[in-house]
């Protein structure tokens, strides 16, 4: 049993050395040969330790293969220069080395062929062949010893210092195997005690050869291993040793009475495996091991590239739906292995005595907000005179103001304290030194930038929402003003025509229409509050809409309105928000009426003309008046600017609102005006039906009717 455990430990040790050599020196051919030899040696030791039919068959092949691998490796040490590929720069020594390398491979191939032939005959049952196989293994061992001696003899003092801990243990192992083979072939003597001695010799050789591998430096660079690699390797080695101890104890339990042996062994193995899993998945154990390894085996405690990548990945990972505040807390807590944290922020401009406000938490929430104000961090705030960075407040500074908090990490962007992250005690006891503080400060500054940018984005979104609300509110107020003007005109006419039954009927219809518009505006305000401010677009016959509005406005009194519809546009239909588009038509006609009612107009009192036509892509509605007109500079610079009006009490939103709606629908509104001659307001909107074959031209204002 001792020999099996020793061979198993030997196999694991050689395989570990092989993996280390392969990772560090794969770019070097000689390191690859060493890794191959170590691998075969380890596999052979494992096959001896495992008593199974498969390992019994594989053992002689692995035994011979590892001898051949060591032959190739040591032969390669004397022919390293033969690996050059530049034939133009080769020397006689290079050529000799190349020939020596070829001879080595020839001998290895010959021995391998003979061995395969003999083992084939032996498995076929040919008597006496196994003795020849053992003799061939003895010959291979002699070759290895000869090559080791040649390497040591031909090396200088410096080279022997690098190679002696690799050569001496192997020489001892193969010399002892030579003794065993001689005993077996010459005297026919074989005992379990000799095998146990061989197992112990191989086990003792593992640490010595590990030193030899490191000294040889066949990868020609210093050993470098990451913090994570050291942690995982330590966990793997510790788990292996733990399982070996468990196996030994389980075997020792085999001495119990037969009735209790199997239940006790199974229960013991089950509990020990559960204990191992609990330890491997324990955050506290992991944090303690990580801190111990970083403190005792590395110059720097952190793998900064890994920590930075983990920080960025945590902040960017929104797949779980966690808000940025939670991800920010987790990113900073991971730096010191804290199990949770809470984020507190300060309101901008609140002063140095502002109270912290909880903005997010992750697995931790103090019973009451820490009594920390911006003034408490002023001593560590960055200044313009120097690059001093804000420092976290440790438990000593927080003992009276935040007893539940182990570390308070300030989030500073520029010279502004955004907030701080409160962390509880970490999973493993630790102290914060200068290196910890430097990493935490760097991470906190990046997180503060992320948090500040999110705040700016939220503030910008709120500002846009307020702008949207204000714009639509101004539109609604303007529409209400138009309705009020319409009702005021109706009331004025009621004093003169109130006794007329026909006027009363028209008044009732007009008031009902005004009520409908007010209800629509009320619904629009409510929809704006809930975020649904857009009115549904419905197919609307344009000629019918204009005819209805002209007829209704003429009944209200004032300057008359005339409608002229081009026959080619009489059936045009457009998708429109009915109430808003009707308000636009009413507003344009109302402005035209005011223009022709001005006594200063050349043709004061002339009718307003509304014309419906079509271009190639849009329906064109012209509202024409013979008023005073407008100057080109006023049209270009003032007419469509919001909050600018020439009317007493006007809001300056009418023309701007009309053009905005036209552009929302894919059309436009333009003003064609000549001072003293009048104005044409041209409204265009896309229509649903195909354009007429010969649409009328609208490059100039239409002639108005007399």
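The backbone N, Cα and C atoms fix where each Cβ goes, glycine too.
It is 199-218, from the ranges 199-218, 299-318, that TrEMBL records as transmembrane segment.
Transmembrane segment is the annotation TrEMBL gives to one range among 230-256, 338-364, and that range is 230-256. In summary, the transmembrane segment (33-58) does not lie against the transmembrane segment (262-285): fewer than three C-beta pairs, each 6 or more positions apart in sequence, are under 8 Å.
For the transmembrane segment (161-179), the list of distant contacts is 67, 70, 74, 77, 137-138, 141-142, 144-145, 148-149, 151-152, 155, 197-198, 201-202, 204-205, 208-209, 211-213, 215-217: same-chain residues at least six beyond its ends, Cβ to Cβ under 8 Å. Within its own chain, the transmembrane segment (199-218) is flanked in space by residues 2-4, 6-7, 9-10, 13-14, 17, 20-21, 25, 28, 30-31, 34, 38, 45, 48, 161-170, 172-173, 176, which lie at least six positions past its ends and keep a Cβ under 8 Å from the stretch. When pLDDT is averaged over the domain 'Histidine kinase' (475-689), the result is 82. Sequence-distant neighbours of the transmembrane segment (129-149) (same chain, 6+ residues past either end, Cβ-Cβ under 8 Å): 60, 63-64, 67-68, 70-71, 74-75, 107, 111, 114-115, 118-119, 121-122, 167, 170-171, 174-175, 177-178, 181-182, 184-185.
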